[in-house]
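Q: Sharing a structure, written as structure tokens. Questions coming.
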């Protein structure tokens, strides 16, 4: 079969143009019958000719020209002289101007990415400062301790979060996106600024200390935690507002992109053709950056998202490092102040000033992006999401072993991390009793968490590739188990270990603080980089109905149960045994049981996950082995011939 170039009056060609034979494409099934592009073909296999994007041979001196509106499947060659003339005019082959680039990236893309990256950094910077400061305030306050945290989370923070969610939903129905953003964020900024400069300095005048002391004498020390909420109510209000800052950012997901995905392999091409492959997990509830991601989902294309979202995930941990250093700097200001000066008040003013400035910067960046960046066109179709009530979710969880094991992983993590964290913070206060010392240590803790998470995110792809899903899923509970045994052993059996620890210049208490810090750092970094990706990957091999309903059931039941389960267990133990210290042996036993159940569920889920993946691969192999329909080509006489030349 021979193909002859036809000009159709567009060009003046020689009377006897040279012809070249078209290379027949191998028969690869229906897919190739309707799509002439064959990515498996190589130029060397076509006897000197190469395929262009439309499937025709690309001839010396000619390039393919797109068809005009109304033409039917016709491809006309375009003389290279015309292409060269178009290029000389600074236009693309199709008459479109090529977008200007800087360092290989389109300038229009940079207008989106740079301000969004700055906004992302400010949000994470603020969240880390607020997270560290809220713990310092409620744990180190006079008449309070770490025992306040489970009561505060359950009886104050939870109702306030529900109320805030309802208010946010009402506002979202009546306000535009920009108006809603400013309406919500400005009160937060105003409160944090007012707390540092007004509420904290005047707190001694309106805290009901005498009333709390009287009630404590009547009810006994086991009610120290609940009564501390009354004693330091303004500090508790700050704690709740800092938590609601994260709730607001999480609620923002409902208006845009829900990014709880594992971007397993993303290639970001930088200058000099260097390709960096970055595996990144986006645990939005923990990173608390949904507002930035929602804005990104509105103004970025899918290709831009694939390139830059992972970099924002890594940038989040960079912000964690910088914010940790900032907390450390302001916490050490007390060393340079004279006697009688409230060093923590000075440190708090400095940190709240930065929070206010960062908040205003977020507002400015949000305004600039909305007014200077064009929105890409999007489909208006919305996927219907299943709404499952609590009882319906429970029934679905019980009915599927696969979903039960997955739910066990989620609940076990939430309970385990709560059991360890509160006990660790109580020992942290014993070692660092003043607010400045406590805050300084938390600054180092945040920095170490950022570095560890950054490193684990880079290592996660290697772990998945070399050891598989099962090993990756077991790393987080294994880390919690090993460090938990060390932490509780130092608390329960510290006296016999004291002589050996003294050789290293440490007491059992300081060693417990360091081991507890290591536990929190490594468990959180493993959770962000391995546990969350494993959890999301576990949904992949399920059928669509089970996948959607299972995720809805876990969101409705398991996430809240994991968050509140640890707090409820601690409250029961404190009220039963009188204090958190007396409850420590029992909490250690409960932690051991939960982590072992977690490991058992991970092992069971690994077997089921592997079986489903093998079944999925088998189905793909069967699809590839289906009967292939040969491709018909047209000969000179107009009759059809098979690819092997038979008529």
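Numbers run from 1 along the shown chain.
Using N, Cα and C of the backbone, Cβ positions are placed for all residues, glycine too.
Since we're looking at a predicted model, the values are computed, not measured.
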Q: Out of 93-111, 131-149, 150-168, let me know the one TrEMBL marks transmembrane segment.
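A: Here TrEMBL associates transmembrane segment with the stretch 150-168.
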Q: Of the residue ranges 37-58, 59-80, 257-278, 279-300, which one carries the transmembrane segment annotation in TrEMBL?
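A: Residues 257-278 are the ones TrEMBL records as transmembrane segment.
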Q: Among 348-369, 370-391, indicate the range for which TrEMBL gives the feature transmembrane segment.
A: 348-369
Q: Applying the under-8 angstroms CB criterion, which one of 113-130, 180-203, 475-494, 501-522 scores highest with the transmembrane segment (348-369)?
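A: The stretch with the most close Cβ contacts to the transmembrane segment (348-369) is 180-203.
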Q: Do the transmembrane segment (445-463) and the transmembrane segment (180-203) come together with 3 or more C-beta pairs under 8 Å, pairs six or more apart in sequence?
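A: No, these stretches are not in contact.
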Q: Look over the recorded stretches 150-168, 180-203, 475-494, 501-522 and say which has the most C-beta pairs under 8 A to the transmembrane segment (586-605).
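A: Per the Cβ count, the answer is 475-494.
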Q: Excluding the flanking five residues on each side, which residues at least 6 beyond the ends of the transmembrane segment (501-522) place their CB within less than 8 Å of a CB in that stretch?
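A: Distant Cβ neighbours of the transmembrane segment (501-522) are 417, 420-421, 423-424, 427-428, 430-431, 441, 445, 448-449, 452, 479-480, 483-484, 486-487, 490-491, 494-495.
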Q: Of the listed stretches (113-130, 150-168, 180-203), which one yields the highest count of Cβ-Cβ distances below 8 Å with the transmembrane segment (223-245)?
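A: Selected stretch: 150-168, with the most Cβ pairs under 8 Å.
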Q: Using Cβ atoms and a strict cutoff of less than 8 Å, what residues sit near the transmembrane segment (150-168) while being 6 or more residues removed from its termini?
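A: The answer is 138, 184, 225-226, 229, 236, 239-240, 243-244, 247-248, 251, 418, 422, 563-564, 566-568, 570-571, 574.
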